[in-house]
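Per TrEMBL, these features apply:
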type     : residues : note
TRANSMEM : 45-70    : transmembrane segment
TRANSMEM : 82-101   : transmembrane segment
TRANSMEM : 108-127  : transmembrane segment
TRANSMEM : 154-177  : transmembrane segment
TRANSMEM : 198-221  : transmembrane segment
TRANSMEM : 233-252  : transmembrane segment
TRANSMEM : 344-364  : transmembrane segment
TRANSMEM : 396-416  : transmembrane segment
TRANSMEM : 428-449  : transmembrane segment
TRANSMEM : 469-491  : transmembrane segment
TRANSMEM : 503-525  : transmembrane segment
TRANSMEM : 551-570  : transmembrane segment
Amino acid sequence: MEVVETTRQNFKGESMSSSVEDVSVDWRGRPCKPNKHGGMRAAPFVLGLQAFEMMAIAAVGNNLITYVFNEMHFSLSKSANIVTNFIGTVFLLSLLGGFLSDSYLGSFWTMLIFGFVELSGFILLSVQAHLPQLRPPQCNMLAKGNHCLQANEFQALIFFMALYLVALGSGCLKPNIISLGADQFVKEDHKQSRKLSTYFNAAYFSFCVGELIALTVLVWVQTRSGMDVGFGVSAAAMAMGLTCLISGTLVYKNKPPRGSIFTPIAQVFVAAITKRKQVCPSNPEMLHGSLNHPNSIITSSPDNDLLHTEKFRFLDKACIKIQDGGNMKESPWRLCTVAQVEQVKIIISVVPIFACTIIFNTILAQLQTFSVQQGSAMDTKLTKNFQIPPASLQSIPYIMLIFLVPLYETVFVPLARKITGKDSGISPLQRVGIGLFIATFSMISAALVENKRRKSAVNLHETLSIFWIAPQFLIFGISEMFTAVGLIEFFYKQSLAGMQSFLTAMTYCSYSFGFYLSSLLVSLVNKITSNSSNGSGWLSDNDLNKDRLDLFYWLLAALSLINFLNYLFWSKWYSYNPSISPIPQHHDHHHFVEDLNHQSFSSSKHIGVENI
């Protein structure tokens, strides 16, 4: 409890010794030993959970539209929205998981508790899919369409209860998987910073392995043996993941919770608004808590080493000390330190970067919904006796990424590191930008193929091979390798002590907004296009030969390109606070100054260090 209280004081900007600047404890709350805890000895257990949990959730999410449409008998557009809302909720709940972890429970205990919540959801889904009384009578939706009986209220209640238990568990688990694994390394140390970058690539590799197994083996089991068996296998995979997590208990480095992470943030806004009529001093060294302030008693620590920046000057008013002559100490709700204010500035600054990835995840939503149905309308035969489940098409990019991610880490990163001097080869912002640009071509490919498929089916009465839609998955897979890993690395390395899980959760929140936007776009497109002369919306029928999915894909391609241009502006506007990035030990001072002035995707008006 003393360790927790000390770190809480540190986060609030109170005086403390630099000797506790990187407080980590074991599972019993005792200080960690470098030769026993953390590092690569602990990371594999977290990576194991990552792979098994992804295997379990992906097997459900990627084939869920087929189950909702064929077994629960919801319409195609409603089924697509159920899937996107479910996946959106998973990622939105990651904010809750990040908050509980940083503020009260810690990453390990948050993962353990909500891991069992997710497991219970998988078990209930399996039971619901197995018992006939919990599903509507069998009916061929493709043949009879609107004549099939939809699931009643009780059946739908059980289904959605199971589905959202999975969403709650998985959502609260995801950001903590990343943060607990990354916490095993010290990002301020140059050598461990390289290992941290390697860990993020390894985490994505384990994610790809989990996705690949889910989209091949588990989807095949669902197709051949039924969804009840498939959901049961997901439950077994989740149980294996929890076993991996528990197995590493003795070697984890744990960051203790620090109390509410929102209190110091709220204090800055309240203090700034209270002193809105005050005039900021022209010399920032006169602000309260400045490291160069003549009366400053703040000692060196990761929480208070932040340098003053010129952005959002209004917030600096929270650091103005009122001279009342009585030498009375002002309340923390009226007077904040520069460190507190700079923490809030960082959070505000990353919001536009976060927002630019929403369209990217809207594209991902199409690959998990409409593209699966697109594959269902194509020739799925690989041989006379073997058919490819449409959901398994999503395994194509992961097959490629299983080989591509190690090549990226072993070939591209060392080569780029020699050129740029950055531990990660290229900066996280550059990596995100490359991914956003490539994503546009995924939707262009999807639109061209869907147009050809529709014309072949309607005019020539021919069925195209399912492999025609493989390029859109391949292109997006490459895009995701850059964007997803770059975004997670960016957010984790910009986070400050006590907020790692919450800011990491913001990356998953982007997925949530992307999937919710997908549902909104489907509804808006149907409403707008149904008012046209033909009276039928682009996505209003259950028959893709009557719908205009190709036009919807073109719309997304245009939005993706506009989004990339928007990202270029905001990434140039963003600048790193240099104090949260250590000076590379292999550079001399002259080269370090050059690094400050030569960087891509960062404003030349602000000092920024992108070697993190």
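Every residue gets a Cβ built from N, Cα and C, even glycine.
No curator has checked TrEMBL annotations; they are predicted automatically.
A quick note: this is a predicted structure, and the numbers were derived from the prediction, not measured.
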Query raised in the report: Taking the transmembrane segment (198-221) as the reference, which of 45-70, 344-364, 428-449 gives the largest number of Cβ pairs under 8 angstroms?
Result: 45-70
Requested in this report: May I ask for the residues of the chain that lie six or more residues beyond the transmembrane segment (45-70) and have a Cβ under 8 Å from a Cβ within it?
Outcome: 76, 79-80, 82-83, 86-87, 90, 111, 115, 118, 122, 125, 129, 141, 166, 170, 173, 177, 180-181, 184, 202-203, 206-207, 209-211, 213-215, 218-219, 222, 227, 230-231, 233-235, 237-238, 240-242, 244-245, 247-248, 251-252, 368-369, 372-373, 376, 389-391, 394
Query raised in the report: Quick one: do the transmembrane segment (469-491) and the transmembrane segment (82-101) have at least 3 Cβ pairs under 8 Å, skipping pairs fewer than 6 apart in sequence?
Result: no
Report summary line: Relative to the transmembrane segment (551-570), the stretch among 108-127, 233-252, 344-364, 396-416, 428-449 with the most Cβ pairs under 8 Å is 428-449
Report summary line: Per the Cβ under 8 Å criterion, with at least 6 residues separating them from its ends, the transmembrane segment (233-252) contacts 26-27, 36-38, 41-42, 44-46, 48-53, 55-57, 59-60, 108, 111-112, 115-116, 118-119, 122-123, 125-126, 180, 184, 218, 221
Query - Contact between the transmembrane segment (503-525) and the transmembrane segment (108-127) (3 or more Cβ pairs under 8 Å, separation 6+) - result: no
**Report entry** Same-chain residues near the transmembrane segment (82-101), Cβ under 8 Å, at least 6 residues beyond its ends
**Finding:** 57, 61, 64-65, 68, 74, 107, 110, 114, 163-164, 166-168, 170-176, 179, 257, 261-262, 365, 368-369, 501-506, 508-516, 518-519
